[in-house]
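As structure tokens, the structure follows; a few thoughts come after it.
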């Protein structure tokens, strides 16, 4: 089974994906590294630009039929069996991205993307099997246990559990300040 771990930058994708792969005894695949290795990604400043169709081709050709956890904020656009969309409180995302040295504009873009469910909506448009997991106030180990429990119980779709509209008024001034 190919499992995509996706979400807005700062939700904990890499940590959760590595732990989940280890727990399930699956291969861990960083989409950035995979794209660079296959020649369908290139470094531009601090980021990797990816040709999505080419990356999907290589995923299909080299990983289909294998057990792997794909880590990356584009993983929900790949040919996978299950998409896990990780979510986190927008302010928490802003704090994490500030700690990583993101500039104000990038922080604002990502906090807003989380606030309006951007990645979740894309995942639902691309796939039937989508599970949404709120990582706020949970350890990575607890998030992995929740994912494994959902997989083992046969749940293939669970969306709509996160609603940031309740914190919208609190987040808008935060966005104007660039996450400060």
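In case you wondered, yes, glycine gets a Cβ from its N, Cα and C as well.
If you look up Swiss-Prot, you'll see 10, 12, 13, 14, 15, 100, 138 marked as ATP binding site, on the strength of sequence analysis. The region 'NMP' annotation in Swiss-Prot covers 30-50 and is backed by sequence analysis. Sequence annotations record features per position, and here Swiss-Prot assigns region 'LID' to 99-109.
Location within the structure of each feature annotated in Swiss-Prot.
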{"residue": "10", "record": "ATP binding site", "DSSP (3 states)": "coil"}
{"residue": "15", "record": "ATP binding site", "DSSP (3 states)": "helix"}
{"residue": "100", "record": "ATP binding site", "DSSP (3 states)": "coil"}
{"residue": "138", "record": "ATP binding site", "DSSP (3 states)": "coil"}
Of 14, 15 (the binding-site residues), the residue whose Cβ has the fewest other Cβ atoms within 10 Å: 14
Lowest local Cβ density (other Cβ within 10 Å) among binding-site residues: 13, 100, 138: 100
Recorded ATP binding residues, 10, 12, 13, 14, 15, 100, 138 - maximal Cα separation rounded to whole Å: 20
Within the region 'NMP' (30-50), residues counted as helix, strand or coil by DSSP: 8 helix, 9 strand, 4 coil
List of residues, in chain order, with Cβ under 8 A from that of residue 10 (ATP binding site) and at least 6 apart: 88, 92, 93, 94, 96, 97, 100, 110
Rounded mean pLDDT for the residues that make up the region 'NMP' (30-50): 88
